[in-house]
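Working notes, beginning with the structure itself.
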Amino acid sequence: MDFQLYSLGAALVFHEIFFPESSTAMALILAMGTYGAGYVARIVGAFIFGKMGDRIGRKKVLFITITMMGICTTLIGVLPTYAQIGVFAPILLVTLRIIQGLGAGAEISGAGTMLAEYAPKGKRGIISSFVAMGTNCGTLSATAIWAFMFFILSKEELLAWGWRIPFLASVVVMVFAIWLRMNLKESPVFEKVNDSNQPTAKPAPAGSMFQSKSFWLATGLRFGQAGNSGLIQTFLAGYLVQTLLFNKAIPTDALMISSILGFMTIPFLGWLSDKIGRRIPYIIMNTSAIVLAWPMLSIIVDKSYAPSTIMVALIVIHNCAVLGLFALENITMAEMFGCKNRFTRMAISKEIGGLIASGFGPILAGIFCTMTESWYPIAIMIMAYSVIGLISALKMPEVKDRDLSALEDAAEDQPRVVRAAQPSRSL
């Protein structure tokens with residue numbers, strides 16, 4: 001919820017509150033830049049808290065990360081504006097965004113690791129999809145709050161004080177999440193492996209992950225989902241409103257409806273992956289995004305279509321290119337990595353993919369759309385991200401129901417057993 005609150009704020013109002021002296025296009029690019037700053041911080045947070053999670057446990061790290069994110073999100077709601085303190089306003093905004101990003105870097109990976117290690121074989125996909133459903137619930141809540149603000153407030157009221165309400169209201173979610181995690185038990189897989197006290201169970205050196213085929217495949221899988229998420233949920237909403245002058249209710253209402261439908265899409269994909277494996281659903285969803293990107297975008301940006309038609313097109317591409325892939329992401333990555341490095345490698349692969357694809361994607365989309373004066377770069381980037389996700393899915397091994405206590409990563413060559421030569425028997 002915290003990141004979606006910010007992403008919609010960056011797309012819809014921050015350009016006027018924190019960058020009012022820039023042109024419309026440049027202000028949107030700068031606002032997307034503050035969005036991207038959080039993704040840079042997420043990599044650092046993924047490394048720090050991922051290593052901690054593999055050493056001291058999943059539970060403690062999840063408590064730390066949710067607290068960091070919640071406090072920063074609430075503080076954004078009390079920031080002074082550019083009109084009040086000038087350039088220090090965006091500086092403070094970026095500072096809070098970076099601290100928020102540090103916690104976010106291990107938040108979803110930690111939750112995904114925890115649920116995967118709790119779930120029994122045969123039900124990991126559906127159970128792990130609860131992480132995506134929780135994130136989707138946050139997206140829905142954030143979108144609903146912003147939509148409500150746009151509905152009840154005038155533009156002047158929204159820019160004067162209304163934009164603060166979504167961030168201040170997040171304190172309720174933070175308190176509940178902290179209470180929930182204080183009462184959480186540690187992952188049984190983590191306890192089992194660490195109780196064994198085996199020398200071979202020590203975490204591998206941090207640099208070794210970059211030699212892992214599983215690490216790069218996971219990063220590629222992340223491109224398809226995270227890149228499309230940044231373009232569709234963040235940039236496209238701002239592009240429709242600021243550049244094409246659409247009613248703000250069109251993208252916010254469409255994303256809200258899409259998030260509601262996601263409560264069917266996400267568990268269905270999780271259940272399906274328990275039946276037919278992780279690879280095939282990944283291949284289907286990425287292929288669908290590639291095929292649908294151009295026709296759906298051509299409808300979304302065309303004002304000659306009815307608002308309902310535009311919203312349907314946005315809902316379709318969002319479910320195929322974002323929510324469907326997110327349903328598969330956490331369990332697939334958890335099963336791809338060995339138990340002693342799972343948290344670290346899952347978090348860093350997700351955040352590297354997120355930084356490159358989603359963190360910088362909206363900025364590049366803004367630049368390319370301004371240069372070309374068209375929506376074509378958005379569709380091309382969605383297809384490109386989905387192609388990377390598709391190739392990664394085709395190359396990855398099937399990891400469904402893999403032993404989560406295994407030390408090695410799934411895509412690595414299995415160690416060969418060298419048998420000692422047997423002495424020949426004398427006749």
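Here the Cβ of each residue, glycine as well, is placed from N, Cα and C on the backbone.
Judged by membrane topology as recorded in Swiss-Prot, Val61 shares a side of the membrane with Ile276. In this chain, the transmembrane segment (75-95) lies out of contact with the transmembrane segment (133-153); the count of Cβ pairs under 8 Å, excluding pairs fewer than 6 apart in sequence, is fewer than 3. The transmembrane segment (226-246) makes no contact with the transmembrane segment (75-95), as judged by fewer than three Cβ pairs under 8 Å among residues 6 or more apart in sequence.
Counting Cβ pairs closer than 8 Å to the transmembrane segment (252-272), the top stretch among 158-178, 280-300, 308-328, 352-372 is 308-328. Among 75-95, 280-300, 308-328, 280-300 has the largest number of CB pairs under 8 A with the transmembrane segment (374-394).
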